[in-house]
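**Q** When I checked TrEMBL for this same protein, it listed these features:
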{"type": "COILED", "residues": "326-353", "note": "coiled coil"}
{"type": "DOMAIN", "residues": "28-310", "note": "domain 'BBS7 beta-propeller'"}
{"type": "DOMAIN", "residues": "368-477", "note": "domain 'BBS7 GAE'"}
{"type": "DOMAIN", "residues": "485-587", "note": "domain 'BBS7 platform'"}
{"type": "DOMAIN", "residues": "590-703", "note": "domain 'BBS7 helical hairpin'"}
Amino acid sequence: MEIHLNRVDYIQVTRSIMMLDWHLVLFQVAIADHDGILTCFGMKKGEAVPMFKTLPGQKIARMDLGGAVGTPQEKIFVCSGSQVRGFTKKGKQFLTFEANLTESINAMHVSGADLFVCASYIYNHYCDCKDQDYYLSGDKINDITCLSSENLTRLIPVLACQDRVLRVLQGSELAYDIEVPGPPSVLELYNRDKGEEILYGTTDGKIGLVQIGEDSAVTKWEIDNDKKKGGILCIDTYDIVGDGVNDVLVGRDDGTVEVYGFDSTNEPALRFEHVLSESVTSIQGGCVGKESYDEVLTATYTGWVTGLTTEPQKAEAGPGDEVKMSKETQSKVEALRAELEQLQVKVLQGREQYQQTSQSSTAVSAVPVFSVNDKFTLCQDDASYSLTLEVQTAIDNLLLQSDVPIDLLDVDKNSAVVSFSECDSEPNGNFLLATYRCQANTTRLELKVRSIEGQYGTLQAYITPRLQPKTCQVRQYQIKPLSLHQRTHSIDQDRPMNRLNLVGQFSFAEIHSWVVFCLPEVPEKTPAGDSITFYFHNTFLGTQLEATYCKGEGHFRSDNISTISILNDVLSKEATKRKINLNISYDISDDSVSHTLKMIHPKLEYQLLLARKVQLIDALKELQVHEGNADFLIPEYRNILDESANLLEEYKKQPAHLERLYGMITDLFIDKFKFKGQNVKTRVSSLLEILDNYDLNSLLEFFQ
């Protein structure tokens with residue numbers, strides 16, 4: 001059953017903040033912001049009326065509601081730095097608790113007298129402000145929640161960790177962990193009263209429901225991100241459909257708001273979707289604007305609190321109809337006009353004052369401060385990096401500069417005009433200079449780039465907003481040597497594997513820093529214990545890598561010789577920088593070469609076929625025009641004409657895809673014989689001839 005919701009804008013909090021969290025308490029909304037201000041407002045006669053507002057302070061990272069178990073959760077808890085404060089619904093502060101953590105709190109959950117807080121890697125549990133439990137996580141903690149129900153004998157804390165794992169704790173120990181399909185960014189109890197099921201959302205846009213037990217867990221369902229929407233920033237549950245079953249409300253970083261209901265088989269189905277112009281940082285269901293009308297309340301990056309309400313809107317007047325407004329609406333319009341006029345006067349006065357002071361010899365120009373919300377993530381589906389930039393004011397232009405070869409891919413959502421500048425890679429190290437000129441009111445840009453493994457460096461983004469005086473911020477993103485590899489939970493041990501072994505006088509922290517330099521998604525903090533094993537898969541080719549290392553030893557296994565070759569070159573260079581002697585040994589499997597070529601084969605065959613079809617399109621169109629129709633063509637050619645638009649679009653979205661595959665096969669050929677002490681670069685031209693007349697068997701014979 002589809003639902004219809006209408007948008008209502010309520011309030012915008014301080015311009016320079018980001019909305020983090022808010023909750024509905026008896027038709028009141030509590031808002032915490034990055035200026036350290038906690039605001040609570042209610043609705044009177046259709047207007048947002050502040051109930052209380054705290055003074056500015058340190059940035060508020062999280063907010064949660066609490067209270068005695070079994071009573072309405074009306075107390076508001078916020079955390080800033082390592083401090084937790086509690087407020088009543090009337091704004092009176094009743095708690096100040098210093099957690100004494102070395103890092104700032106980034107996740108918090110309150111349950112009765114129990115307080116659960118997490119810094120980047122550290123979990124702490126307090127009961128009545130007294131220390132109870134402590135846990136050091138193997139990777140960064142993104143969120144925390146806690147289950148308590150009649151069916152459970154104890155409180156069960158659950159951590160959402162960056163390494164694609166939900167960690168379930170018992171006291172200060174790990175009870176078990178749950179593998180999820182992406183890095184979990186947010187957790188939410190599906191039913192707070194009977195909490196045994198947890199909803200999770202991932203940074204790559206997937207959603208799932210897990211039933212948690214004391215000793216094990218069961219995944220109930222998962223929703224994949226087939227339409228390539230943004231990552232999940234917030235989740236809530238509320239019966240917005242009105243069928244007696246809690247619906248799942250989802251907010252994404254691309255501005256998408258979704259409502260999922262459940263069909264007769266208890267499978268989730270999308271009931272409603274709305275796209276806002278900026279990322280949705282908080283979402284909750286409740287009743288705010290008008291009693292008896294439920295709504296989905298959202299908070300966005302620039303501080304807008306917006307409702308999507310079930311209240312039907314009055315029909316708009318047509319071109320010839322008279323617009324009749326109620327007295328209430330007329331007074332609202334007049335108040336808004338008066339406020340707008342006051343703001344325009346203030347802006348004019350400010351400009352005049354700025355012009356006068358700027359002409360003074362003692363005047364100092366103040367650089368406008370603006371914050372940038374950015375994300376640089378590897379997309380598994382197309383083996384590309386997604387760079388998302390969001391600014392609180394309109395973006396004027398964006399300059400991209402890279403000192404390594406990368407391809408810019410087309411993004412449908414991007415309306416900016418891109419232009420490329422010629423750059424000389426030799427003296428300056430510039431491989432890419434591209435400028436994006438944005439349309440008016442563009443506050444969010446999404447770009448896609450694809451890197452080449454083995455070539456590493458820095459991608460820089462220069463962001464210039466529409467502010468006076470002109471100012472710019474630079475953001476840097478590291479392109480790692482094995483940039484297309486992604487963490488995974490396990491690998492196929494039956495594949496033919498190549499081995500690289502390192503032995504030397506290096507510490508556990510030193511070799512871990514080398515692995516962090518080489519591979520994405522590895523925690524910067526040195527793991528606890530004496531040794532560690534990480535598993536990776538290549539998102540472009542599907543090959544895999546196992547990295548096991550400890551103090552003085554490192555062992556790397558991969559079914560792709562080129563991966564071993566890149567690791568060998570980079571690790572040797574990093575050890576040389578630190579003047580550490582390495583004893584390096586290899587164990588190369590010839591079977592792995594044919595295995596890798598067979599993995600490349602379907603991709604190469606598809607791209608060759610696509611390129612040939614695209615080459616035929618213009619000639620076939622000329623024939624069609626000349627003959628008047630395409631009936632005389634064989635079915636294969638008629639199909640190419642019918643699908644020409646889709647073929648051209650697909651080809652345009654994948655620039656240099658064929659050249660990349662050629663490059664990977666060439667590197668594989670060179671690396672195979674490099675480990676045997678042979679230089680075969682003179683035979684590359686013969687290899688390219690075989691690729692131009694591609695046949696898998698001929699290619700396998702050439703490699704032999």
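Cβ from N, Cα, C; glycine included.
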**Q** For the domain 'BBS7 beta-propeller' (28-310), provide the mean pLDDT of the predicted model.
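**A** Mean pLDDT across the domain 'BBS7 beta-propeller' (28-310) comes out at 89.
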**Q** Which residues of the same chain, at least 6 past either end of the coiled coil (326-353), have a Cβ under 8 Å from a Cβ in it?
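**A** The answer is 45-47.
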**Q** Per DSSP, how many helix, strand and coil residues does the domain 'BBS7 GAE' (368-477) have?
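**A** Taking each residue of the domain 'BBS7 GAE' (368-477) in turn, the totals are 4 helix, 60 strand, 46 coil.
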**Q** Tell me the residue counts in helix, strand and coil for the domain 'BBS7 helical hairpin' (590-703), as DSSP assigns them.
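**A** When I sort the residues of the domain 'BBS7 helical hairpin' (590-703) into the three classes, I find 94 helix, 0 strand, 20 coil.
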